[in-house]
Amino acid sequence: MQFGGRRKKNSINPQSELYGQHLQFYGQPPLENISLSEFETFAVERLKLLKTVENLGVSHVKLTDLYISKLEKELKLVYSYRKNDFYGPTEYEKRRKDHISHFILRLAYCQTEDLRRWFIQQEVDLFRFRFNDLDPKQQLEFLHKNNLRYDTISSEEKTHGWPLHCEHIHDLIVFFSSSNCHCILKVPFQDALDLVRLRKVYLKQGYAYIPHQDIVTIVLNDFRTRLSKALALTARSLPAVHSDERLQPLLNHLSHAYVGQDYSIQKNVGKISLDQIDSLSGKSFPLCMRQLHQSLRENHHLRHGGRMQYGLFLKGIGLSLEQALQFWKMEFIRGKVDADKFDKAYAYSIRHMFGKEGKRTDYTPYSCMKVILSNPPSQGDHHGCPFRHSDPELLKQKLQVYKVSPSGINQILELVKGMHYQLACQKYFELTHNIEDSSFSLNHPNQYFLESQKLLGGGKDIKREMDAPQRSQENAASKGSTATQEVAANTSQHLAEMTEDLDSFFQDA
């Protein structure tokens with residue numbers, strides 16, 4: 001697989017210069033060939049990293065010691081984002097991985113305005129951390145390398161020759177002395193509007209004089225602008241990328257891919273009785289599933305989207321096929337569906353959900369990202385994410401009915417307003433379970449259920465093997481590698497099979 005253009009015929013990698021520093025603006029796309037397996041693995045690992053950046057950014061105040069320490073720990077697991085004087089093969093590979101993975105996610109996240117906004121925000125937060133981790137000399141080198149050549153005013157000039165005629169010279173001396181900066185940068189006024197708004201600069205004749213440690217604000221604005229323009233250009237070229245049938249299913253699913261634990265491997269099948277569902281829905285179901293259960297009990301019917309979302313969730317918490325057929329049939333025949341119609345029109349879809357009909361796919365419960373981003377509910381539907389798809393006023397009323405405190409409702413609505421829907425659900429978990437801080441990052445409705453059962457002491461009989469090998473995207477990536485080799489060996493007749501494998505690769509999302 002090739003990015004951008006033909007590879008130069010020489011022994012020196014034409015992109016080596018890009019990896020001379022561990023931080024870059026991602027101005028030049030990768031030009032080398034990579035395997036489909038690498039493509040998948042790099043994409044999933046960077047997606048995990050950006051989701052961690054998002055969770056930490058909302059759970060903690062950015063740039064505090066706790067935020068920095070947690071983010072630093074996560075980064076070390078994936079990339080070499082610490083400054084390193086040794087530039088060896090291992091460091092080169094990590095910088096190469098950083099470069100390529102960024103451009104892969106550009107392809108996946110340029111498709112809609114919401115996706116672009118999310119991607120830009122997480123990349124900017126990541127860039128801020130990495131830039132602040134550089135020492136002042138490295139920061140200046142980075143600026144010069146990227147043509148951000150601002151004049152510097154040395155400490156000596158600041159002390160003896162810098163604007164002594166100013167009426168507020170005393171305030172300036174106090175300000176810049178307390179800023180503990182190595183130098184002052186002279187920047188065009190229009191490049192420092194955020195700092196001007198915060199009154200953190202000295203203005204003179206169209207220039208802003210900025211303490212060195214505040215230059216990160218200007219660099220971030222530049223990075224954000226470049227990335228926003230690049231995503232718009234990438235979106236224009238998507239038709240050409242989608243013409244490659246190996247990549248299309250992967251890119252289409254990456255934007256709402258689930259990269260956490262797989263909830264399809266059950267150990268507790270049959271451990272839950274049908275009589276328990278009502279009580280469990282009030283204690284341990286996330287709001288989306290509680291909403292679906294309540295609607296089913298009230299209307300004795302759910303449309304297809306609701307049946308799939310709720311049915312797979314019940315399957316994931318331990319309902320067997322026989323129990324599921326009994327559960328849905330008992331509820332539907334209380335409404336306008338008789339037993340014969342249920343057997344003809346609905347039983348097949350339930351068996352299909354358990355992999356007993358059709359192509360025998362054992363469907364997995366929907367992740368939060370799939371619930372939020374795919375198949376939005378229309379009039380008469382009850383599926384979807386209440387934090388994403390409900391009107392804020394209706395959501396507020398629903399939370400009041402479920403006895404969430406007024407202050408808690410305000411916290412949830414603030415998170416919803418900021419489009420942090422999973423974090424809003426996690427806050428709902430904390431408020432309904434009377435805990436200050438949950439020790440997990442919520443990514444899946446079935447995860448919500450399991451964590452609730454642990455807290456309530458019901459996890460002994462209703463649980464999974466949390467330590468069991470997880471069938472995650474990384475494992476699927478290795479399958480993708482095998483598929484790629486088969487394509488190379490058997491030419492175009494196997495392309496359709498590989499595409500189907502890639503589609504199922506993100507079916508767990």
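Backbone N, Cα and C atoms are what each Cβ position is placed from, and that goes for glycine too.
In TrEMBL, annotation is done automatically, which means it is predicted and not curated.
Predicted, not measured: the structure shown is a model, and the values here were computed from it.
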In TrEMBL, which of 135-164, 465-494 is labelled region 'Disordered'?
465-494
Can you name the residues of this chain that are 6 or more positions from CYS425 ([4Fe-4S] cluster binding site) yet have a C-beta less than 8 Å from its C-beta?
PRO286, LEU287, CYS288, CYS368, CYS385, PHE387, LEU442, TYR448
For CYS368 ([4Fe-4S] cluster binding site), list the number of other Cβ atoms lying within 10 Å of its Cβ atom.
26
